Amino acid sequence: MYVSSALTTRRQGPKARQGIMVLHSVHDLDPTEGTVRLYRFENSPVVLVPKPSNDPNDPLFWSRGKKRVAFLSVCSFAFLTNFGIGGLTPAFYLLSLEFGKTQAETGALLLWPVLTLGAFNFFWVPIANYWGKRPVLFFACGLLCACSMWGAVAETFESLLSSLIVAAFAGSSTEALGASMANDLYFLHERGSVMSTYMTFLSGGNTIGPLICGFIVSKYSWRWHKWLTFILAVPNFLAVAFLVPETTYVRYSLKPVDSDSGTSRGPTPRLVSRSNAEKGFGFGNAQGARSHLGDTDESDAGVNLPKKCWAEEIGLWPVVSRDTPLWRLFIRPFPLWLYPCVIFAFLAYAISLEMTVAVNILNPFVFQAPPYNWSPMVNGLINIPGLIGNLFGSVLGGWAVDKFCDWKTRRNNGVYEPENRLWLCIVPLIISGSGCLVFGYGVEKAMGWVSLFFGYGMISVALTAVPTITIAYVSDCLLPLNSDALMLVNGKKQHESLLVE
């Protein structure tokens, strides 16, 4: 049975005969808690975590192209959600004049969608755990297309706000499921770089969107920004519909630690060289992977499962384990609030998001009013340093952290510890914290635009670096429960960032 919560109930032993439900912690389900051996000895081949199976339908066996298309389609969906919502910020000043709204009232066009993005994680993730990720993404992508068209033809402020809120409802499906799909498709030693790609797309919508919108608003109208979102969302919907199979895979049955022997009945990673892993698992073909699996477990012996055809893979109702009732999937994740890794992750993510949201709401009222009097087109240029900061943060949180963790793992006799990722959080803390001071002081003293641009670029480093590090950290610690844990992180971080606002 696939388990997707921190505390699950099982009937077993004498207590089961008495009808008592027994609770198990994460440690019972996965005693490693993310601490695993990646190298047996110095310069040895990498141990693949999680353990691959012999099933040709295992997402870890997908070809390089198939993985990339599936993952980038979901990343593009996340990008387009923020592109259509956050990208509208350069038009806020003109929208306040067009609809006769105050600055605070116009800010609702961003604040309410941001709240919705977090809140409805709690709806989509249990649905995806029950019916699968593919039907959720298919429906959500189609809804985003419809909302983009709705926003383009909206005649009132309330209609525009409603279209953005419903679009955020659709886009909230990728807040946790996108990162969860990365865990479905890639191994632990690839996770940092893959998460950084996802976070670059996610944050890129908030930087590239306003940059493009500024030019569109100046030459045409803010409505054309919504039409552009619709034009880009349609091919993405088609890609999800025809090229993204279900990635949820029941890799193994999670079982509690044996109380008598003290040993886990869970999986043991297999030893495979990094080159063979890249050819057969992370980036290559399935046949190459199977030829380098080494010894197979008893559970895999004699297994000869048929490979699904394309028509079976793109079915809207994939076969997903439904041993747990749907209502329980909605309430089971909440005990994860007790885990420090989840608390740390959502607080760190909320602070990095709050800094960026504050600047996005504030900057049109700063640059399009005296003494700057900029047009929306010029105002949108502030997102160039924002994009540079996002890219730097993505490299820092992904590639740099992976290299650092690899170095720490080798120094630790080949044992990887998830906490190794957290050391580099100090870098975005210093850079983005200093950026807040630079931007805030520059606005107060009406300093030159260079100081404000530079400050925003520094702030933007944290928007990709911090969540890339913390989300990968949570996934490492709570891999069997990663979709539920990421749901709580993404949902709570939106709520906390808005409270700070």
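Heads up, the Cβ atoms here are built off N, Cα and C, so glycines get one too.
Per TrEMBL, transmembrane segment is recorded for 69-95, 107-124, 136-154, 198-218, 224-244, 336-362, 382-401, 422-443, 449-474. Taken from TrEMBL, the feature domain 'Major facilitator superfamily (MFS) profile' applies to 70-501. The region 'Disordered' annotation in TrEMBL covers 257-278.
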- Note on the structure: Most Cβ pairs under 8 Å to the transmembrane segment (136-154), of 69-95, 107-124, 336-362, 382-401, 449-474, goes to 69-95
- For the transmembrane segment (382-401), name the stretch out of 107-124, 224-244, 422-443 with the most CB-CB pairs under 8 Å. 422-443
- Query: Can you say which of 69-95, 198-218, 224-244, 422-443, 449-474 has the most Cβ pairs under 8 Å with the transmembrane segment (107-124)?
  - Reply: 69-95
- Message: I need to check the long-range neighbours of the transmembrane segment (422-443): which residues 6 or more away from its ends have a CB within less than 8 Å of a CB in the stretch?
- Response: 348, 352, 355, 359, 362, 366, 393, 396-397, 400-401, 404, 408, 451-452, 454-462, 465-466, 469-470, 473
- Hey, which of 69-95, 224-244, 449-474 has the most Cβ-Cβ pairs under 8 Å against the transmembrane segment (198-218)? 69-95
- The mean pLDDT across the domain 'Major facilitator superfamily (MFS) profile' (70-501) is 81
